[in-house]
Amino acid sequence: MSESVLQRLEELKESLHYHAVRYYVEDNPEIPDAEYDRMMRELLDIEAEHPELVTVDSPSLRVGGQPLSEFSQVTHEVPMLSLDNAFDDAELDGFHKRAQDRVVGHTIKQYCCEPKLDGLAVSLLYENGVLVQAATRGDGTTGENITENVRTISAIPLKLQGKGWPTRLEVRGEVFMPKAGFDKLNENARKKGEKVFVNPRNAAAGSLRQLDSRITASRPLSFYAYSVGVVEGATLANSHYERFLQIKSWGLPMCPETKRVDSLEEVKAYYQDILTRREALAYEIDGVVIKVDDIAIQERLGFVARAPRWAIAYKFPAQEEITTLNEVEFQVGRTGAITPVAKLEPIFVGGVTVSNATLHNADEIERLQVMVGDQVVIRRAGDVIPQVVSVIKERRPETAREILFPDACPVCGSHVERIEGEAVTRCTGGLVCQAQRKEALKHFVSRKALDVDGLGDKVIEQLVDREMVETPADLFKLSAGVLTVLERMGPKSATNVVNALEKSKLTTLPRFLYSLGIREVGEATAANLAQYFKNLDAIQQATEEQLIEVQDIGVIVAKHITTFFGEEKNQAVVQDLLAQGINWPEIAAPQEGVELPLEGKTVVLTGTLSQLGRSEAKEALQNLGAKVTGSVSKKTDILFAGENAGSKLAKAQELGIEIQTEQDLLNLMK
């Protein structure tokens, strides 16, 4: 082995250690991730050829090694104690008074405050700057040796940086899993059909206690330091906060929210600030930790039983509690989604009394295996809707019963559907369901549907709230006199609305189909249906097999269409609309052997049209057999360009696509 290989190995190790600190501690990377990965691969290659050169501080150990049969035990030289808790300002005041009373002649001036991370406490022992041991807290006296696993956590330096560190230094802190990493871990587990973790704390603990460190290496774990234990060979600062800064200078990350304050009132303000920002933080916390900053006063205060007298955890209101699931009700949302809602024995959680929690959908009920009567764990975080996160199955009563999804909508009685591959169950009575009424009516009168001037969202909401309309057909039964009872609706405005409704009765089949709000039937699909079947009766009677023959209609959309027209209540509204006078020009069938002018052509509209509205031009093109798209590509056959055409025209010219004018379109329409 040459000296150059050994020198390169040391260079790579030093560089990787340096850049890990820049990335994980200082949040200020100097090189791209790809360059870091390249150096790591080079290091792994050298060590693979020369395994005798692998040292305990090698960055290569972050990928994990051979599985252990069990964890060995570690006795803590300085006990790892837990903290007493405060749950309100009065208890915090009591902590401060007790501490102040014990140090007569000294004034406690400053406190060091930090978020209380919801993870796993660990001890890191460095000798001569190299990480030689990592252990869990265990019972405070004895923990488990998790050195191999901790070495895989990128945020923890295998070798200290800078200078001035003690020859033996024990750093204590919290291993945790950031929220984003937790979500991604569970998402991947669901895709693979594997068990998911209940919360980030369980995920962090489970990941850190793997006998196979390669599994730990694959988990998104991080670390923040919060104190020291053993210190030999150097003197640290006499301030808890300044010790944090020393530790950080040696390459160990500290929580960026850590702050030194000058009074108990500032401690309380810090607590409120962190509580307010809790949900926005990248990691889970369950309170704040408050420590006397002066180390000399810490030493005078000492410890009592299992906890220091100089520190306390000011806990947030609990985000999880246990209660009984008494019943399940099914609510229908504005789009027809049916959501199971757990009716709970009221419980105080997350700062409020909770009596309802979402169960999301049938898949979630199946995953939880929850039943009515179960003892369940409820979680409420910030403004998030409370949810059932787990079931205590060993407490299940004999009277517990299965939760069954309804076959009919609990609001309107229409059939419900659940498309294969979708989690949501929906009501099919979009035109009649009270829960969906406002959204259905707003869609019906929208510009791309019946296009009724004067019937904006606020008018629709008033009409529904006053129970003046139930279905779209009821709109055409309104008189100007009736409409004047609405807010900001004078006689003239009311007359204009009635006239607009009358005008909208003459429409087109594509617009009418679109106005019905059939799931996933947009403008293009409605146009394709009209062009293929030519009339409404044929569409209503079409089978799924026939519908799939239509351009751009697949199995799912075909199912939505047959389900919609298969619901008698929807059919009744359609017939009522026709009875109110809605009509459209007949779509002529093409003559035998004669193709439509733009049959099979893909076209794009761009620019300002002087004689046609954009929707009108689009409908005309579709009636001429064209497929209208929104962007120019190699598949585009014709670009119809109006005035002030911009980038689409330039791209069409570049691709050599045929370009026509608005007048060309008008000529085709004659």
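Placement of Cβ uses the backbone N, Cα and C atoms for every residue, glycine included.
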Which of C255, C427 does Swiss-Prot put in the same Zn(2+) site as C409, C412, C433?
C427
Going by Cα-Cα distance, pick out whichever of the recorded positions E35, L83, K116, R137, K291 is nearest to C427 (Zn(2+) binding site).
K116
Measure from the Cα of C433 (Zn(2+) binding site) to the Cα of every one of the recorded positions E35, L83, K116, R137, then give the nearest.
K116
According to DSSP, which kind of secondary structure is C427 (Zn(2+) binding site) found in, if we only use helix, strand and coil?
strand
Of the recorded positions listed as E35, L83, K116, R137, K291, the one whose CA lies nearest the CA of C409 (Zn(2+) binding site)
K116
Using only C-alpha positions, which one of E35, K291, C412 is spatially nearest K116 (active site, N6-AMP-lysine intermediate)? These are the binding-site residues in the record.
K291
For C412 (Zn(2+) binding site), the one of E35, L83, R137, K291 that lies nearest, given that the binding-site residues are compared by Cα
L83
Over the span of the domain 'BRCT' (593-670), count residues by DSSP class, listing helix, strand and coil in order.
27 helix, 18 strand, 33 coil
